[in-house]
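Chemist: Just passing along the structure, written as structure tokens.
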């Protein structure tokens with residue numbers, strides 16, 4: 001079974017995107033990372049930084065998660081990210097996404113040993 005850490009990498013990590021600037025980026029990535037398998041995942045964020053830099057966030061600023069848990073961490077610096085958001089015309093199995101690039105601080109939930117990101121909580 002896929003570990004929570006591996007799932008985070010599959011769903012959220014894209015360190016050196018070949019086509020993040022393309023408006024089609026989300027449509028391609030959401031499909032290739034299996035985020036449209038049994039439904040269209042409505043919202044998803046890809047982080048264009050090294051895995052080491054994202055894992056390091058687990059040792060940065062401790063903040064509360066959206067669900068009230070206390071194991072979330074906010075990155076000290078802004079990171080290159082791409083937000084993918086399902087459009088109104090999207091209907092499974094033809095999932096359609098809007099691609100938005102940004103530079104924001106990320107908030108991730110971490111757990112385990114080694115202590116690594118297992119959930120993408122927000123960007124600010």
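Cβ coordinates are placed from backbone N, Cα and C, and glycine is handled just like the others.
Dumping what Swiss-Prot says about this protein:
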COMPBIAS  1-13  compositional bias 'Basic and acidic residues'
BINDING   7, 10, 41, 42, 43, 44, 45, 66, 85  substrate binding site
DISULFID  26-84  disulfide bond
DISULFID  40-95  disulfide bond
DISULFID  58-110  disulfide bond
DISULFID  65-72  disulfide bond
ACT_SITE  119  active site, proton donor
Chemist: Measuring Cα to Cα, how many Å separate residue 43 (substrate binding site) from residue 84 (disulfide bond)?
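Modeler: Spelling it out, the Cα of residue 43 (substrate binding site) and the Cα of residue 84 (disulfide bond) are 6 Å apart.
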Chemist: By a 10 A CB contact count over all chains shown, which of the recorded positions listed here is most packed: 43, 95?
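Modeler: When each Cβ's neighbours within 10 Å are tallied, 95 leads.
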Chemist: Same-chain residues six or more away whose CB lies under 8 A from the CB of residue 45 (substrate binding site)?
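Modeler: Listed in sequence order: 12, 81, 82, 83, 84, 106, 120, 123.
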Chemist: Using C-alpha atoms, which one of the disulfide-bonded residues 65, 72, 95 comes nearest to residue 26 (disulfide bond)?
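Modeler: In terms of Cα distance, residue 26 (disulfide bond) lies closest to 95.
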Chemist: Within 10 Å of residue 110 (disulfide bond), Cα to Cα, which of the recorded positions 7, 72, 95 are there?
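Modeler: Near residue 110 (disulfide bond), where near means Cα within 10 Å, the recorded positions are 72.
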Chemist: Which three-state DSSP class does residue 41 (substrate binding site) fall into?
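Modeler: Assignment for residue 41 (substrate binding site) reads coil.
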Chemist: Closest of the recorded positions to residue 41 (substrate binding site), Cα to Cα, picking from 58, 72, 95, 119?
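Modeler: Comparing Cα positions, the candidate nearest residue 41 (substrate binding site) turns out to be 95.
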Chemist: Recorded positions 7, 40, 72, 85: which have a Cα within 10 Å of the residue listed as 'active site, proton donor'?
Modeler: 7, 72
Chemist: Quick one: pull the CA-CA distance for residue 65 (disulfide bond) versus residue 40 (disulfide bond), whole Å only.
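Modeler: Just about 24 Å between their Cα atoms.
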Chemist: Quick check on the compositional bias 'Basic and acidic residues' (1-13): DSSP residue counts for helix, strand, coil, in that order please.
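Modeler: Its residues fall into 9 helix, 1 strand, 3 coil.
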Chemist: Including all protein chains shown, what's the count of other C-beta atoms within 10 A of the C-beta of residue 65 (disulfide bond)?
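Modeler: Residue 65 (disulfide bond) is surrounded by 16 other Cβ atoms within 10 Å.
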Chemist: For residue 40 (disulfide bond), which of the recorded positions 7, 58, 72, 85 has the nearest Cα in space?
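Modeler: Spatially nearest to residue 40 (disulfide bond) by Cα position is 85.
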